[in-house]
Structures are given as C-alpha cells and as structure tokens.
Amino acid sequence: MVLEEKMVLDGEPEDEEEEEEEEEEMVDPLETVRQKCAETEHCVHTMERLEQCETRVGSRSSTAEDCTEELFDFLHARDHCVAHKLFHSVK
C-alpha cells in the first residue's frame, strides 16, 4: 500500500498519461495505400464478385462451393496496385 501511495504522490502515473496524449498517432502507409487501391475500378469489380459469391454461398444450407478464388482475385488485384504505389512513398 505504501508503494502505491508514493507513486500517486510522486505523480508518475499522471505523467505517463500526459506523454501518451502528446504523442502523435502513427499512420501505417500500407493501410492508407490499401484503402485507396481497394477503391480503384478493378478492385471494386473483384470485390463485387466476392460479395456476390458470399451471398450465394450464404443463402444455401449445404454447398461445397466456397469463395476462395474470388477472395484471392481481390487480394491479388489490391496487392498488385499497392506494390506499384507503396514503394514510391518509402524512404
């Protein structure tokens, strides 16, 4: 108990909170570029195909179909776009 009281009196926990608030939020450039690439025409088209597949598979009670191909098509299209844009922003 004495140690906890000393920490509160010394102000250490409050100082840590103030430092955390002052630090700027880091933004991952990969996430930013992925989001921009996902909005391109080709990626939007492949995402629509993925969503259609998920709807179709979800509406059936039993099916052997899964949407792996559509998912990989979307990820490939997005990552292809990201690869061309991301490394230009890396120092």
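Keep in mind that glycine also has a Cβ here, set from the backbone N, Cα and C atoms.
The structure displayed is predicted, hence computed values, not measured ones.
The region 'Disordered' annotation in TrEMBL covers 1-30.
Residues or ranges marked as compositional bias 'Acidic residues' by TrEMBL: 11-28.
Annotation source TrEMBL lists domain 'Ubiquinol-cytochrome C reductase hinge' at 28-91.
Within 10 Å of the C-beta atom of Cys81 (disulfide bond) sit 19 other C-beta atoms, taking all shown protein chains into account. Residues annotated as disulfide bond in TrEMBL: Cys37-Cys81 (among others).
Annotated disulfide bond per TrEMBL: Cys53-Cys67 (among others), in sequence order. Contacts of Cys53 (disulfide bond) defined by a Cβ separation under 8 A and a same-chain sequence distance of 6+ are given as Glu65, Cys67, Glu70, in order along the sequence.
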